[in-house]
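Visitor: Got a structure for you, written out below as structure tokens; questions coming shortly.
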């Protein structure tokens with residue numbers, strides 16, 4: 001939080017990031033979910049090291065080119081922040097820290113105050129591999145056992161898993177990710193029985209068969225731009241959009257936590273703690289990594 005105070009003199013890194021992000025989110029509220037997702041997708045592959053920002057080159061693919069990351073956006077906001085900070089405090093502020101701060105500020109705009117503290121001092125990684133994304137990034141189709149083990153491998157516990165799933169309270173998905181749940185869950189043209197039948201019909205109306213994979217869908221219907229605890233309320237009505245949402249109800253302990261998190265204050269407090277945990281996954285510090293001058297390329301290239 002104070003890492004840059006003595007390194008950038010009178011320039012407040014946090015204020016600079018906040019100003020740009022709040023202006024962007026005010027103009028386009030969908031950015032809040034996009035920047036939060038960018039941070040999450042960065043941290044689960046090689047830790048919070050900005051590796052997701054590296055562009056592919058002629059001979060290499062990077063995390064950006066992997067299937068689950070092709071729908072990631074918000075990169076241009078990170079570039080704009082980086083350009084401003086390079087002008088004000090050159091060579092000091094890492095892209096990894098910018099991603100973490102931008103995610104926090106994007107969600108915080110709604111509240112006009114910091115929704116969680118961001119510890120700074122991460123360095124940027126020099127490696128980004130397409131092949132590492134699939135195994136590390138939890139999937140929307142994952143069951144409870146897989147989710148718990150993937151979160152556990154990053155040092156996150158059951159409470160973090162259930163709480164960070166609440167990020168689905170904002171943002172959009174696409175019909176492609178739920179087609180199997182609606183039309184062919186076990187391979188015999190059936191729907192997922194764990195999905196509320198009325199909601200399943202609503203989704204089939206929005207995503208008629210044959211499914212147009214790119215049709216947008218709200219993850220938290222009628223509340224997809226508002227960061228709130230509504231996700232848990234609809235989850236407990238069996239209206240979670242993804243298999244990975246419904247999976248949280250298949251374990252007794254986890255299901256109990258979803259009930260507790262229906263309380264907005266409890267959810268906000270716990271989300272803040274879990275975001276601090278996520279923001280610390282495998283961070284590069286003390287001589288590891290570098291501070292990229294351009295977030296899209298490693299230094300020296």
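Just so you know, glycine gets a Cβ as well, placed from its N, Cα and C.
According to TrEMBL, the record shows the following:
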- 41: active site, proton acceptor (ACT_SITE)
- 42, 45, 47, 49, 51, 63: Ca(2+) 1 binding site (BINDING)
- 168: heme b binding site (BINDING)
- 169, 220, 228: Ca(2+) 2 binding site (BINDING)
- 8-89: disulfide bond (DISULFID)
- 43-48: disulfide bond (DISULFID)
- 95-295: disulfide bond (DISULFID)
- 175-207: disulfide bond (DISULFID)
- 1-299: domain 'Plant heme peroxidase family profile' (DOMAIN)
Visitor: Fewest other CB within 10 angstroms, which one of the binding-site residues 49, 63, 228?
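Guide: Across 49, 63, 228, these binding-site residues, the one with fewest Cβ atoms within 10 Å is 228.
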Visitor: For each of the disulfide-bonded residues (43, 175), count the other CB atoms lying within 10 A of its CB, then report the residue with the highest count.
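Guide: Of the disulfide-bonded residues 43, 175, the highest Cβ count within 10 Å belongs to 43.
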Visitor: If you count other C-beta atoms within 10 angstroms, which of the recorded positions 45, 48, 89, 95, 295 is the most crowded?
Guide: 95
Visitor: Quick one: pull the CA-CA distance for residue 45 (Ca(2+) 1 binding site) versus residue 89 (disulfide bond), whole Å only.
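Guide: With the alpha carbons as reference points, the distance is 28 Å.
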Visitor: For each of 51, 169, count the other CB atoms within 10 A of its CB; which of these binding-site residues has the top count?
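Guide: Counting every other Cβ within 10 Å of each candidate, the maximum falls on 51.
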Visitor: Within 10 Å of residue 220 (Ca(2+) 2 binding site) (Cα-Cα), which of the recorded positions 89, 168, 295?
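Guide: 168, listed in sequence order.
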Visitor: List the Cα distance (Å, whole number) between residue 43 (disulfide bond) and residue 49 (Ca(2+) 1 binding site).
Guide: 7
Visitor: If you count other CB atoms within 10 A of each CB, which of 8, 207 wins among these disulfide-bonded residues?
Guide: 207
Visitor: Just the number: how many Å between the Cα atoms of residue 41 (active site, proton acceptor) and residue 49 (Ca(2+) 1 binding site)?
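Guide: Cα-Cα distance, residue 41 (active site, proton acceptor) to residue 49 (Ca(2+) 1 binding site): 11 Å.
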Visitor: What recorded positions in the list 95, 168, 175, 228, 295 lie within 10 angstroms of residue 42 (Ca(2+) 1 binding site), counting C-alpha atoms?
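Guide: For residue 42 (Ca(2+) 1 binding site), the recorded positions whose Cα atoms are within 10 Å come to none.
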